[in-house]
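Colleague: So that we are looking at the same thing, I have put the structure below in C-alpha coordinates.
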(Lines of atoms letter the chains of each structure in order from A and count residues from 1; the text may use other names and numbers.)
(Lines give C-alpha, C1' and ligand atoms only; values in the text may rest on other atoms or scores of the structure.)
Protein backbone atom coordinates (compact mmCIF):
# COMPACT_ATOMS: atom_id res chain seq x y z
CA UNK A 1 0.00 0.00 0.00
CA UNK A 2 1.19 3.53 -0.67
CA UNK A 3 2.68 5.62 2.12
CA UNK A 4 0.23 8.11 3.56
CA UNK A 5 -2.95 6.30 2.56
CA UNK A 6 -5.77 8.68 3.47
CA UNK A 7 -8.37 7.79 6.07
CA UNK A 8 -12.02 8.73 5.71
CA UNK A 9 -14.96 8.64 8.11
CA UNK A 10 -17.29 5.70 7.61
CA UNK A 11 -20.48 4.88 9.48
CA UNK A 12 -22.11 1.48 9.26
CA UNK A 13 -25.89 1.56 8.83
CA UNK A 14 -27.53 1.71 12.26
CA UNK A 15 -24.38 2.98 14.00
CA UNK A 16 -24.27 6.42 15.62
CA UNK A 17 -20.55 7.09 15.44
CA UNK A 18 -18.37 7.02 12.37
CA UNK A 19 -14.95 5.43 12.46
CA UNK A 20 -11.89 6.47 10.48
CA UNK A 21 -10.95 3.80 7.97
CA UNK A 22 -8.22 3.32 5.39
CA UNK A 23 -9.68 4.54 2.10
CA UNK A 24 -8.16 1.66 0.07
CA UNK A 25 -8.74 -1.32 2.30
CA UNK A 26 -12.25 -0.51 3.31
CA UNK A 27 -14.16 2.31 1.70
CA UNK A 28 -13.15 1.83 -1.94
CA UNK A 29 -13.38 -1.95 -1.77
CA UNK A 30 -16.90 -1.66 -0.34
CA UNK A 31 -17.75 0.34 -3.46
CA UNK A 32 -16.15 -2.47 -5.53
CA UNK A 33 -13.36 -0.18 -6.76
CA UNK A 34 -10.02 -1.97 -7.17
CA UNK A 35 -6.68 -0.41 -8.05
CA UNK A 36 -3.63 -1.81 -9.81
CA UNK A 37 -1.22 1.08 -9.46
CA UNK A 38 2.14 -0.65 -9.42
CA UNK A 39 4.33 -3.35 -10.89
CA UNK A 40 2.42 -6.65 -11.14
CA UNK A 41 3.94 -9.22 -8.79
CA UNK A 42 2.66 -12.19 -6.81
CA UNK A 43 1.78 -10.08 -3.77
CA UNK A 44 -0.40 -7.53 -5.59
CA UNK A 45 -1.92 -10.30 -7.75
CA UNK A 46 -2.89 -12.28 -4.65
CA UNK A 47 -4.40 -9.16 -3.05
CA UNK A 48 -6.48 -8.37 -6.14
CA UNK A 49 -7.59 -11.98 -6.55
CA UNK A 50 -8.54 -12.22 -2.87
CA UNK A 51 -10.59 -9.04 -3.06
CA UNK A 52 -12.31 -10.17 -6.28
CA UNK A 53 -13.20 -13.54 -4.76
CA UNK A 54 -14.53 -11.89 -1.61
CA UNK A 55 -16.65 -9.41 -3.60
CA UNK A 56 -17.86 -12.24 -5.85
CA UNK A 57 -19.08 -14.16 -2.80
CA UNK A 58 -20.61 -11.08 -1.24
CA UNK A 59 -22.77 -10.10 -4.24
CA UNK A 60 -22.64 -11.76 -7.65
CA UNK A 61 -24.86 -9.08 -9.22
CA UNK A 62 -22.77 -5.95 -8.61
CA UNK A 63 -20.02 -5.14 -11.10
CA UNK A 64 -16.41 -4.49 -10.11
CA UNK A 65 -14.21 -1.67 -11.40
CA UNK A 66 -10.47 -2.24 -11.81
CA UNK A 67 -8.44 0.96 -12.33
CA UNK A 68 -5.06 0.30 -13.95
CA UNK A 69 -1.89 2.40 -13.95
CA UNK A 70 0.83 -0.23 -14.21
CA UNK A 71 4.09 -0.73 -16.11
CA UNK A 72 3.39 -4.48 -16.21
CA UNK A 73 5.33 -7.11 -14.37
CA UNK A 74 5.46 -10.84 -13.77
CA UNK A 75 3.70 -12.82 -16.49
CA UNK A 76 2.24 -15.56 -14.29
CA UNK A 77 1.01 -13.04 -11.72
CA UNK A 78 -0.73 -11.08 -14.49
CA UNK A 79 -2.27 -14.21 -15.97
CA UNK A 80 -3.60 -15.18 -12.54
CA UNK A 81 -5.36 -11.78 -12.22
CA UNK A 82 -6.78 -12.23 -15.74
CA UNK A 83 -8.02 -15.74 -14.86
CA UNK A 84 -9.70 -14.45 -11.69
CA UNK A 85 -11.45 -11.73 -13.72
CA UNK A 86 -12.85 -14.40 -16.03
CA UNK A 87 -13.85 -16.62 -13.09
CA UNK A 88 -15.90 -14.16 -11.04
CA UNK A 89 -19.60 -13.80 -11.89
CA UNK A 90 -19.87 -9.98 -11.82
CA UNK A 91 -18.59 -8.06 -14.83
CA UNK A 92 -15.17 -6.51 -14.25
CA UNK A 93 -14.87 -3.07 -15.84
CA UNK A 94 -11.27 -2.12 -16.59
CA UNK A 95 -10.24 1.52 -16.68
CA UNK A 96 -6.78 2.59 -17.87
CA UNK A 97 -5.52 5.76 -16.26
CA UNK A 98 -1.92 6.66 -16.93
CA UNK A 99 -0.17 3.59 -18.33
CA UNK A 100 -1.21 0.00 -18.93
CA UNK A 101 1.91 -1.68 -20.29
CA UNK A 102 2.87 -5.30 -20.79
CA UNK A 103 0.82 -7.35 -18.29
CA UNK A 104 -1.06 -4.17 -17.43
CA UNK A 105 -2.44 -4.07 -20.98
CA UNK A 106 -3.20 -7.79 -20.84
CA UNK A 107 -5.29 -7.25 -17.69
CA UNK A 108 -6.91 -4.18 -19.28
CA UNK A 109 -7.97 -6.26 -22.30
CA UNK A 110 -9.33 -8.90 -19.90
CA UNK A 111 -12.14 -6.65 -18.70
CA UNK A 112 -15.71 -7.35 -19.72
CA UNK A 113 -16.00 -6.65 -23.45
CA UNK A 114 -17.85 -3.33 -23.97
CA UNK A 115 -16.75 -2.27 -20.45
CA UNK A 116 -13.05 -1.56 -21.05
CA UNK A 117 -12.25 2.15 -20.87
CA UNK A 118 -9.18 4.36 -21.29
CA UNK A 119 -8.97 7.89 -19.95
CA UNK A 120 -8.20 10.45 -22.68
CA UNK A 121 -4.45 10.75 -22.01
CA UNK A 122 -3.80 7.12 -21.07
CA UNK A 123 -1.10 5.07 -22.81
CA UNK A 124 -1.20 1.36 -23.57
CA UNK A 125 1.73 -0.86 -24.56
CA UNK A 126 1.86 -4.47 -25.71
CA UNK A 127 4.89 -6.68 -26.27
CA UNK A 128 5.98 -10.27 -25.89
CA UNK A 129 6.90 -11.75 -22.51
CA UNK A 130 10.57 -11.66 -21.58
CA UNK A 131 12.75 -14.06 -19.65
CA UNK A 132 15.20 -13.04 -16.97
CA UNK A 133 16.92 -16.43 -16.90
CA UNK A 134 20.36 -15.99 -18.43
CA UNK A 135 22.66 -17.64 -15.92
CA UNK A 136 22.44 -21.40 -15.75
CA UNK A 137 22.95 -24.72 -17.45
CA UNK A 138 22.16 -24.92 -21.17
CA UNK A 139 19.34 -27.39 -20.52
CA UNK A 140 17.72 -25.06 -18.01
CA UNK A 141 17.93 -22.17 -20.46
CA UNK A 142 16.26 -24.29 -23.16
CA UNK A 143 13.44 -25.30 -20.81
CA UNK A 144 12.99 -21.66 -19.77
CA UNK A 145 12.86 -20.57 -23.43
CA UNK A 146 10.25 -23.25 -24.18
CA UNK A 147 8.12 -22.03 -21.25
CA UNK A 148 8.38 -18.40 -22.40
CA UNK A 149 7.27 -19.47 -25.90
CA UNK A 150 4.25 -21.28 -24.41
CA UNK A 151 3.34 -18.19 -22.39
CA UNK A 152 3.77 -15.98 -25.46
CA UNK A 153 1.44 -18.24 -27.44
CA UNK A 154 -1.15 -18.17 -24.63
CA UNK A 155 -1.02 -14.37 -24.30
CA UNK A 156 -1.24 -13.94 -28.08
CA UNK A 157 -4.29 -16.20 -28.29
CA UNK A 158 -6.02 -14.35 -25.44
CA UNK A 159 -5.39 -11.04 -27.22
CA UNK A 160 -6.82 -12.53 -30.43
CA UNK A 161 -9.95 -13.65 -28.56
CA UNK A 162 -10.40 -10.37 -26.64
CA UNK A 163 -9.40 -7.94 -29.40
CA UNK A 164 -10.66 -9.68 -32.52
CA UNK A 165 -7.58 -9.20 -34.67
CA UNK A 166 -5.99 -12.08 -36.61
CA UNK A 167 -3.32 -14.15 -34.88
CA UNK A 168 -0.61 -13.04 -37.31
CA UNK A 169 -1.28 -9.34 -36.62
CA UNK A 170 -1.07 -9.72 -32.84
CA UNK A 171 1.95 -12.00 -33.12
CA UNK A 172 3.78 -9.52 -35.35
CA UNK A 173 2.91 -6.55 -33.14
CA UNK A 174 4.15 -8.36 -30.03
CA UNK A 175 7.64 -8.66 -31.54
CA UNK A 176 8.43 -5.17 -30.24
CA UNK A 177 7.07 -2.58 -27.81
CA UNK A 178 3.94 -1.07 -29.40
CA UNK A 179 2.76 2.06 -27.60
CA UNK A 180 -0.73 3.41 -28.23
CA UNK A 181 -2.73 6.45 -27.26
CA UNK A 182 -6.18 5.91 -25.75
CA UNK A 183 -7.80 6.36 -29.17
CA UNK A 184 -5.30 4.01 -30.83
CA UNK A 185 -5.97 1.40 -28.11
CA UNK A 186 -9.69 1.70 -28.90
CA UNK A 187 -9.07 1.30 -32.63
CA UNK A 188 -6.81 -1.69 -31.89
CA UNK A 189 -9.51 -3.28 -29.71
CA UNK A 190 -7.83 -3.31 -26.30
CA UNK A 191 -10.43 -0.88 -24.95
CA UNK A 192 -13.99 -0.24 -26.06
CA UNK A 193 -14.39 3.40 -25.03
CA UNK A 194 -12.28 6.49 -24.48
CA UNK A 195 -13.60 8.62 -21.63
CA UNK A 196 -14.64 12.18 -22.44
CA UNK A 197 -13.12 15.02 -20.45
CA UNK A 198 -15.50 16.95 -18.21
CA UNK A 199 -15.40 20.63 -19.10
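Just so it is clear, glycine is given a Cβ too, placed from its N, Cα and C backbone atoms.
It should be emphasised that the depicted structure is a prediction, and the values quoted were computed from it without experimental measurement.
Sharing the feature lines straight out of Swiss-Prot:
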- 102: active site, nucleophile (ACT_SITE)
- 127: active site (ACT_SITE)
Colleague: When you tally the Cβ atoms that lie within 10 Å of each candidate's Cβ, which of the active-site residues (102, 127) has the highest tally?
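Modeller: That would be 102, with the highest Cβ count within 10 Å.
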Colleague: Just to verify a number: CA distance, residue 127 (active site) to the residue listed as 'active site, nucleophile', in angstrom, no decimals.
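Modeller: Computed Cα spacing between residue 127 (active site) and the residue listed as 'active site, nucleophile' is 6 Å.
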